[in-house]
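Student: One structure, as structure tokens, below. Some questions next.
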Amino acid sequence: MGVESVRCPLHFTKMQGAGNDFVVLDLRDGTPPPDAALVAWLADRHFGIGCDQVIAIEPPRGVGVFAAYRIWNADGSAAQQCGNGARCVAAWLVRDGSVATEHFLIDSPVQTHSVRCIGKDEYAVEMGLPVFEPERIPLSGFPNALGEYVLSLQGEVLCCGAVSMGNPHAVVEVDLIDVAPVERIGPLLQQHSAFPESVNVSFVQVIDPGLVRLRVYERGAGETLACGSGACAAAVVLMQRGRVGRDVRVVLPGGTLRVQWPVSGGPVTLSGPARCVFDGVWYG
């Protein structure tokens, strides 16, 4: 479904999870997914609808799964993982009447997610196992004894953690989140040769063992009000270092998420809000 061939009017739902906002399309009837140009047009906040990412809900791919979805960044590039998006897909299915149970499965591009409704407009999604092996993040290089990667950025030395939550993340711990160099360091890390597929960059400040503050510079979107996989990445990196406990509240500019990782060999769970903002029709 490209810009020239898109069927107008195009019905959509605007959704948000902790301020991370999405244009959601129902493509379960077999309508082709949007191409990169159409995604960028829809995501444009001046000439389109406006969002951080576009989500297409598609027929399920496996037994026992209620639906599958694909997700694209605002620049039209494909995304593999999105915790806030997964919760919004779950909320969309519940609102649509497609799901009548509190616990169900949905397919993302990289895995099947177990989702639970835990309250009004609140969902918990199982995000899978974090991956720390550098070649699987992917990341060239090896961590030091503290689990940090030491990188050179235009003459500066930067230490960061790294993990894949289905997509690559770098985690930079800072003293004061409000003055963190997000707009400067974020693009530099994304363009660094150590990250062959680029990277999402999380800047995190530890408040206490159960609370952190976070800002995320996302691939293909820039800084967003919230990033669910970024919250998981920051939390598990800090847990590995013993900086926080296994159940952490993550405060982002758009709201608060909860990350739980009870055991190192088990899956990470992300909890937080997912809400419908409005239904609309796009005329192109």
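Here the Cβ of each residue, glycine as well, is placed from N, Cα and C on the backbone.
Pasting the relevant annotations from Swiss-Prot:
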type	residues	note
BINDING	N20, Q53, N73, G83, N84, N167, N200, E218, R219, G228, S229	substrate binding site
ACT_SITE	C82	active site, proton donor
ACT_SITE	C227	active site, proton acceptor
SITE	F278	site 'Important for dimerization'
Student: At the Cα level, what's the spacing in Å between N200 (substrate binding site) and the residue listed as 'active site, proton acceptor', rounded?
Tutor: 9
Student: Give me the Cα-Cα distance between N84 (substrate binding site) and C227 (active site, proton acceptor), rounded to a whole Å.
Tutor: 7
Student: Quiz question: given the active-site residues C82, C227, which has the greatest number of C-beta atoms lying within 10 angstroms of its own C-beta?
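Tutor: It comes out as C227.
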Student: Of the recorded positions C82, C227, F278, which sits closest to N20 (substrate binding site) by Cα distance?
Tutor: C227
Student: For the recorded substrate site formed by N20, Q53, N73, G83, N84, N167, N200, E218, R219, G228, S229, name the remaining residues of the chain with Cβ within 8 Å of the site's Cβ center, in chain order.
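Tutor: Once N20, Q53, N73, G83, N84, N167, N200, E218, R219, G228, S229 are set aside, the remaining close residues are D52, A79, Q81, C82, G85, V216, A221, T224, C227, G230.
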Student: Please work out the number of neighbouring Cβ atoms within 10 Å of the Cβ of N200 (substrate binding site), leaving out its own Cβ.
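Tutor: If we count other Cβ atoms within 10 Å of N200 (substrate binding site), we arrive at 27.
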Student: Would you count the other CB atoms within 10 A of the CB of N73 (substrate binding site), including those on all shown protein chains?
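Tutor: Other Cβ atoms found within 10 Å: 23.
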Student: Suppose we draw a 10 Å sphere around the Cβ of R219 (substrate binding site). How many other Cβ atoms does it contain, all chains included?
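Tutor: A 10 Å sphere around the Cβ of R219 (substrate binding site) contains 21 other Cβ atoms.
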Student: Near N20 (substrate binding site), how many other Cβ atoms are within 10 Å of its Cβ?
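Tutor: Taking every protein chain into account, the count is 32.
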Student: Counting distance between Cα atoms, which of the recorded positions C82, C227, F278 is nearest N73 (substrate binding site)?
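Tutor: Checking each of C82, C227, F278 against N73 (substrate binding site), the shortest Cα distance is to C82.
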Student: Using a Cβ cut-off under 8 Å and a sequence separation of 6 or more, which residues in the same chain sit near S229 (substrate binding site)?
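Tutor: The list for S229 (substrate binding site) reads Q81, C82, G83, M127, M165, G166, N167, H169, N200, L270, given in order along the sequence.
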Student: Can you tell me the CA-to-CA distance separating F278 (site 'Important for dimerization') and the residue listed as 'active site, proton acceptor', as a whole number of Å?
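Tutor: Spelling it out, the Cα of F278 (site 'Important for dimerization') and the Cα of the residue listed as 'active site, proton acceptor' are 21 Å apart.
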Student: N84, F278: which of these recorded positions has the sparsest Cβ neighbourhood within 10 Å?
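Tutor: It is F278 that, of the recorded positions N84, F278, has the fewest other Cβ atoms within 10 Å.
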